[in-house]
2 protein chains.
Amino acid sequence: MSKSELIEGVDAQKLANTIRALAMDAVEQAKSGHPGMPMGMADAATVLFSKFLKYDPSEPNWPDRDRFVLSAGHGSMLLYALLYLTGYADMTLDEIKRFRQLGSKTAGHPENFLASGIETTTGPLGQGLANAVGMAMAEAHLNARFGDDLVDHRTWVIAGDGCLMEGISQEAIALAGRQKLNKLIVIWDDNSISIDGAVSLSDNTDQKARFAASQWNVLSCNGHDMADVARAFEAATKSDKPVLIACKTTIGFGAPKKAGTAKAHGEPLGAEELAAAKAALGWAHGPFEIPDDIVKAWRAVGARSAGARELWQTKMKRDPLRDAFVAAMSGGNVEAAIAALGMQAAKMAAEKPSLATRASSGAAIDSMFDACPELLGGSADLTGSNNTHAKGSADFTPENREGRYVRYGIREHGMAAAMNGMALHGGVIPYSGTFLSFADYSRPAIRLGALMGIRVIHVMTHDSIGLGEDGPTHQPVEQLAALRAIPNLHVFRPADAVEAAECWQAALLNEDGPSILALSRQATPALRDDASENLSVRGAYELLPAEGGVSKVAIFATGTEVALAAKAREMLQAEGIPTRVISAPCFEMFELQDEAYQNAVCGDDEELKIGCEAAIGQGWFEAFGLDAFVGMSSFGTSAPAKDAYKHFGITAEALVETAKELL
Amino acid sequence: MSKSELIEGVDAQKLANTIRALAMDAVEQAKSGHPGMPMGMADAATVLFSKFLKYDPSEPNWPDRDRFVLSAGHGSMLLYALLYLTGYADMTLDEIKRFRQLGSKTAGHPENFLASGIETTTGPLGQGLANAVGMAMAEAHLNARFGDDLVDHRTWVIAGDGCLMEGISQEAIALAGRQKLNKLIVIWDDNSISIDGAVSLSDNTDQKARFAASQWNVLSCNGHDMADVARAFEAATKSDKPVLIACKTTIGFGAPKKAGTAKAHGEPLGAEELAAAKAALGWAHGPFEIPDDIVKAWRAVGARSAGARELWQTKMKRDPLRDAFVAAMSGGNVEAAIAALGMQAAKMAAEKPSLATRASSGAAIDSMFDACPELLGGSADLTGSNNTHAKGSADFTPENREGRYVRYGIREHGMAAAMNGMALHGGVIPYSGTFLSFADYSRPAIRLGALMGIRVIHVMTHDSIGLGEDGPTHQPVEQLAALRAIPNLHVFRPADAVEAAECWQAALLNEDGPSILALSRQATPALRDDASENLSVRGAYELLPAEGGVSKVAIFATGTEVALAAKAREMLQAEGIPTRVISAPCFEMFELQDEAYQNAVCGDDEELKIGCEAAIGQGWFEAFGLDAFVGMSSFGTSAPAKDAYKHFGITAEALVETAKELL
């Protein structure tokens, strides 16, 4: 340790020990938490926040701030301590005293929506690292679009061994390496300890060689030698590639008995060990007590980028791209996209094409892509299948940062998490594609997007057994139900080209959560000839009324099955049975409607209600008060789409038969 | 190419071209599929099947065969061609002609339950590679247990660029490297092409360096030079570590215009290109036509290990461990485990402990672990939290292959997929643990286990907001519903120590599908004092009857919420409202009961029915015909468990209130 160094007139080591003390005290008081990581990384974090990170607690959302991501989210007290000490108004000492208590801003793992300065929600390992890749991509893109004066910042990550063991890390690392994200710096808390004990119990990967294999620059430092840490950080800022810094630390640094062991990881140190640790660190203060001079020094540390922020604001004011930048950062061009989609919907209503809904979605993207420069597309190596590539758009690459299409590679999980990072960064609206079946691969990131409440649009094609020959591994059956189960996620399944444009509108307007667009591989007929109102945003609506009397049957369907419902209605009407068809492109938005609307759509108890979706029925009965459901109850099968539908009895004839049986 | 080489008297190149021709013809006839990979890998696969792979088409399930895993499952025609040519009875030329048609054995991607010789179901990329790691672990363990005479085989994998880009591959690679699985050989079809185009669009990872970083040996060969391929394979069989063979190939090898491009990947070549390819390959035969001498040579290739198989059978007959081996391979010791669990249930019924159900599960594991030597446990670095470590069991390591506990590391996805591989291999019954929230990470592998119908037991603790302070990132809310949505997966959520033992019994008896055991972090009171019958296997049962008249309220609950239901019942009974409690540890098993039983449990329409689970209600209403549900409708919160339950209104009081409101 370089004890002699002073920061703002105070022994740097003391500043670091403040973090350690707060972490120990907060975990002890909460009777749960993770003291070891904050204690291990306190020195490196002190160097980062006092010398390198560009941030301003007085303006936490300053667009050109560096992003700091605590990917090892269990070390949340490290972040909370730093936010409090550097002067973020949200983070008071009282909040730290209420660590992990109901309603506090100091949740067990950092939740970005609870306090400013928390850039992303972490805890599920590897996610923060992958978010950071997306943040760095957003920065690179916006830098190319708006120039150095407006956008020029780094993304710093602290990742643990767990982050690096999770598979998502490989997807993130390889994507970052390919994209040469030289302003991405990952500090690996290399403490050789995981929950079960030594990391070597389960891993002997040479992490430095692994990152180098994916075209990163790799540095090392002693995480308890501040000068050495500063040297590594300084070198990292000059890299032409993303950088890994292997920062060798001792977990629970300072705790006489538990340091360097798994016992320091995830539980309070206990009164005795805590006291001994404070003694060993020379910290002679009671719980949550911090001498004024130390608080003062930390606040001075926190103020060090205020000048840079002011300068940026000055530059910003006179920048010719100012308005465009403000619009981008506030999502202002969404309105133009909405308008373009409205035109597209009207066009489709007039043309009435028979198209796969993935193709309708592709046309919708084409229609709005130029109007909304914030849209940043991509696909997990299924571009032609997902119809996500807007006509004429260029790839985002190291050579062309202005490109607006990302070749994510076969990395659904890393892609979804990177999109989360982009949305969190701001200035871009990320969307990208894969098959609906592979929503399972990206599910942890989709969930975090929903928890964080951020606008990320997941295009998911090949949305049923209708994908045909690829078979049950690729045919989603339970994915729609499983996605609808995630709180705050909107799952859209449009029925034709008009609904596809409408659902895109709804997804873009859903600023506070992610959306799924479930789209078909196979063609489906046009059903709407009027697009004067966006009916999809009601979640479910009567597409076809009953004729010739009071409705006896109501068929509720989504996506390609709405056409089956329409055909079944025709057959039932021909037999004199008045039948309605309700298209239900988004269950979640239907739930948001008032009761009167819901009741009007659902009809009364006298009417027979049948649901239809080429998927399992879970959730359908309670959503619409169904009497019966025509769908799947097993995995699919490899066969041409028509054969598969017939095999599983998902046909207009089956709907008619079901209706007549139950009437 | 080494054109001069003969295999069974026929030009080796001709044998390889048979695979190419069949792949082209089948894809052309199906009008869909992937010709490029089989054409690229035909030479290497011919070398593997004719000189290295130990297998016997006449006894496809010979326990000591080498396992061959086609991780790049889209290249299914490679496998089907090989199975047909080498003489597997299941795989006829007719089946190949019906490639990708309804009811054929030749699904778009290989499905292991359709035809013998298909070792695992692949298609979702990276899964096969991770399955193979589990197979190799099972082999190593059984080799240690039963010796070289009975168990001594390799696991060969063909993986593509997509497999290596998926994050799960890193988990698999690192686990295999740590475990020094030297009988695992991965042949990487290094063709530099993915669906979107060149791999370099999205990846510039040095794969060889990456594998070396995780302690693999790495070899290279020219995939179109059979002698060079053979040299690499030969070297691989002598490795002290797992081996990657970078096998440089041309996708669509032979197709004059499409070879080496993404156009050869995933669609028929088209009549013209197909004809040109056959001409270029010197293959002068019509669709599906194979000259007799070539078929004969291939059949001779297929018969080459018959002698080894016979020798193995001879050795087997006189092996002192024969009976134990047969028992292990047929899962014969499960009965003993069931018996032990029965004793454990009885003990718990007598002792009535208040325990977290994770602790009850841990005790159940302890009770049976010795009785069933096939049980192979583990955890994704949450051993102490998951209670998965049987008392006194040793770790499975390179130094101790007899160990029965796997330190999987922080690799939920790779762990679940490895367990799939173990179950497919046979001889072990894999179980392992993580948090229920992280079921999302392993979901694609859980799904494949369900599709394959294999016995894998996923212990998933911390199963609700009851985990408390770790907060919403770690609190499952939608996971139970999302898992129940997967066909052929049994989701168990026991309510006390008796049910925990019963659910373990049910999971072990579920030979044809995976099981989830959702278990609590927090303690919950004993509810059962009689374990004379396993009531959990009925899925749902009346735990507490109504007293003092006809039941007016029925409360359905699972897991820790059953205790809340019991308390609510007590309160309602005290007010003179006869109330029943139904414990529902497994929805799927309840669905399997006959209608009379289901109706008896659910009761009639006069009774008010309330469900309770600290999770979302999706699926609950239709499962039991509920009138109301007390549970979650949003993500959780970081707080002590009791505070969280109270905050979200999941209490006995809330149940009573709901009942009284609706009565």
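Backbone N, Cα and C define each Cβ position, glycine as well.
Here's what TrEMBL has on this protein:
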type	residues	note
BINDING	A:H34, A:H265, A:R358, A:S385, A:H462, A:D470, A:H474, A:R521	substrate binding site
SITE	A:H34	site 'Important for catalytic activity'
BINDING	A:H74, A:G123, A:P124, A:L125, A:G162, A:N191, A:H265, A:F438	thiamine diphosphate binding site
BINDING	A:D161, A:N191, A:I193	Mg(2+) binding site
SITE	A:H265	site 'Important for catalytic activity'
DOMAIN	A:355-526	domain 'Transketolase-like pyrimidine-binding'
ACT_SITE	A:E412	active site, proton donor
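Positions of TrEMBL features highlighted on the structure.
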{"residue": "A:H74", "record": "thiamine diphosphate binding site", "Cβ contacts under 8 Å, 6 or more apart": "A:H34, A:M37, A:G108, A:H109, A:G123, A:G160, A:G266"}
{"residue": "A:P124", "record": "thiamine diphosphate binding site", "Cβ contacts under 8 Å, 6 or more apart": "A:G73, A:P444, A:L448"}
{"residue": "A:G162", "record": "thiamine diphosphate binding site", "Cβ contacts under 8 Å, 6 or more apart": "A:A72, A:L125, A:G126, A:S194"}
{"residue": "A:H265", "record": "substrate binding site", "Cβ contacts under 8 Å, 6 or more apart": "A:H34, A:G36, A:M37, A:I193, A:S194, A:I195, A:I251, A:G252"}
{"residue": "A:R358", "record": "substrate binding site", "Cβ contacts under 8 Å, 6 or more apart": "A:S385, A:N386, A:N387, A:V459, A:T461, A:H462, A:L519, A:S520, A:R521"}
{"residue": "A:F438", "record": "thiamine diphosphate binding site", "Cβ contacts under 8 Å, 6 or more apart": "A:A380, A:E412, A:M460"}
{"residue": "A:D470", "record": "substrate binding site", "Cβ contacts under 8 Å, 6 or more apart": "A:H462, A:S638"}
{"residue": "A:H474", "record": "substrate binding site", "Cβ contacts under 8 Å, 6 or more apart": "A:F435, A:S437, A:H462, A:L467"}
Cross-chain proximity of binding-site residues to B (CB under 8 Å), evaluated over A:H265, A:F438, A:D470: A:F438, A:D470
Fewest other C-beta atoms within 10 angstroms, as judged across A:D161, A:E412, which are the recorded positions: A:D161
Taken over the domain 'Transketolase-like pyrimidine-binding' (A:355-526), the model's mean pLDDT: 98
Span of A:H34, A:H265, A:R358, A:S385, A:H462, A:D470, A:H474, A:R521 around substrate - largest C-alpha separation, Å: 48
DSSP three-state assignment for A:D161 (Mg(2+) binding site): helix
Neighbourhood of A:N191 (thiamine diphosphate binding site) by C-beta distance under 8 A, where only residues 6 or more apart in the same chain count: A:G36, A:M37, A:G40, A:G160, A:D161, A:K248, A:T249, A:T250, A:I251, A:G260
Residues within 8 Å of the A:D161, A:N191, A:I193 Cβ centre (excluding the Mg(2+) site residues themselves): A:G40, A:G160, A:D189, A:D190, A:S192, A:S194, A:V199, A:I251
Fewest other C-beta atoms within 10 angstroms, as judged across A:I193, A:S385, A:H462, A:R521, which are the binding-site residues: A:S385
